[in-house]
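Here is the structure we will look at.
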Amino acid sequence: MNLILYAIPGFMLLLLIEIVVDRKRGTGYYRANDAINSLSTGILSQTMGFATKFVGFLGYATLWTVLPHPELAMTPLLWVVAFVFYDFCYYWSHRYQHKINVLWGIHVVHHQSEEFNLSTALRQPFNGFIIGSIFYLPMLFVGFPPEVIVTVGSLNLIYQYWVHTRFIGELGWFEKVFVTPMNHRVHHAINDPYIDRNFGGVFILWDRLFRSYQPELADEPCVYGVRKPLHSWNPFFANVHVHWQLFKDAWHAKRWQDKLKIWFMPTGWRPADVQQNYPLPRCLPDTQVKYDSVPPPTLAWAVISSHILLMAFTVWFLLSTSDLTFTMALAHFLPLGGGLWINGWVLEQRAGAIRLSLLFWLVCAALPWVVPGWLLPQLATTAVCIGLALLMPLAHWLTNRHPATEVA
């Protein structure tokens with residue numbers, strides 16, 4: 001059983017509490033554009049990720065039926081062992097996703113935020129399960145059923161949510177056994193002492209055992225993000241930007257062997273000729289300038305309002321997937337995916353984003369009347385889409401109509 005859907009209300013409650021604490025203390029750990037981008041990638045992970053997770057689970061189920069395996073009794077001890085075994089496999093999956101270019105291109109989504117807060121925990125790729133599931137095959141081979149693997153996997157991910165915060169300090173003996181906010185902050189930092197450290201999901205013991213543990217240092221404040229920054233609020237581009245760069249590098253490489261091996265070399269490796277002819281800027285901790293394109297407040301609030309509606313639609317979508325065919329799921333996903341894309345463009349203040357928003361939502365307003373078997377109430381869907389179509393242009397008009405009231 002995938003428990004992530006049932007944990008979403010708790011995730012949102014804790015996130016809202018952390019935002020309130022951040023505002024009251026004036027710590028500045030949250031920026032609206034960054035948090036919306038993180039939540040948008042999380043939405044894509046749960047919606048588009050259903051396809052990749054289904055493929056992975058189908059593969060597990062097929063192997064389970066054709067391969068010989070021991071019959072394990074479904075006892076509490078089995079669940080405990082499965083939970084620990086899963087985290088051991090997670091450690092190695094996570095470690096290799098940091099070490100190989102093509103795998104880093106998937107996992108990088110989780111590290112792109114230049115902030116570290118609970119919204120960062122929800123920042124997940126939509127295509128990670130197919131590759132990541134390879135590392136959990138040993139569990140299948142020793143006799144853990146696919147449904148047990150999926151259940152303990154979702155528990156593992158739920159545990160990891162709370163460790164993405166800067167408001168919790170050292171936790172004494174707990175630090176020696178479990179992953180905590182303090183040792184996970186190190187994992188997300190781009191400082192030299194912290195790079196590629198602390199890979200555990202629940203247990204930090206694996207890092208201590210395999211010599212990848214690094215404590216947070218008092219004289220080395222964590223700087224978050226990646227060394228080749230995303231510089232975009234588009235959640236779709238966030239999922240492909242490293243692979244797109246690898247493709248361009250492979251295209252430009254002169255040697256055929258470089259075109260192939262770049263995908264499987266250590267993270268950051270580029271052919272010498274490509275590095276010389278097409279250098280890429282790198283972000284170092286002492287030179288980091290956070291990407292922070294900020295639209296005027298009226299437009300920003302329009303994006304926030306739009307995003308709240310899209311999150312509500314996401315919950316309905318996830319609850320309804322069992323009732324949707326692939327074609328129907330695609331039709332219902334169109335307003336969601338397009339809305340997230342447009343919100344990113346508005347946050348980036350791209351030319352034409354307001355007009356595109358108007359056109360897109362007017363098209364979506366017609367969907368309930370042209371798609372057979374549309375599940376949501378037709379009039380309500382059309383009304384909401386028309387409201388969203390008018391939201392961005394109205395906010396843009398108010399911004400230009402009353403510029404004196406806008407504070408950058």
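Yeah, the Cβs are placed from backbone N, Cα and C, and that goes for glycine too.
Taken verbatim from TrEMBL:
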- 6-22: transmembrane segment (TRANSMEM)
- 43-67: transmembrane segment (TRANSMEM)
- 73-92: transmembrane segment (TRANSMEM)
- 79-211: domain 'Fatty acid hydroxylase' (DOMAIN)
- 299-319: transmembrane segment (TRANSMEM)
- 325-346: transmembrane segment (TRANSMEM)
- 353-371: transmembrane segment (TRANSMEM)
- 377-398: transmembrane segment (TRANSMEM)
Counting by DSSP secondary structure, give me helix, strand and coil numbers for the domain 'Fatty acid hydroxylase' (79-211). 86 helix, 4 strand, 43 coil
Long-range CB partners for the transmembrane segment (353-371) (under 8 A, at least six residues beyond its ends), listed in sequence order, are 328, 331, 334-335, 338-339, 342, 345-346, 377-378, 381-382, 385-386, 388-393, 396
Find the average pLDDT over the domain 'Fatty acid hydroxylase' (79-211) in the predicted model and report it. 95
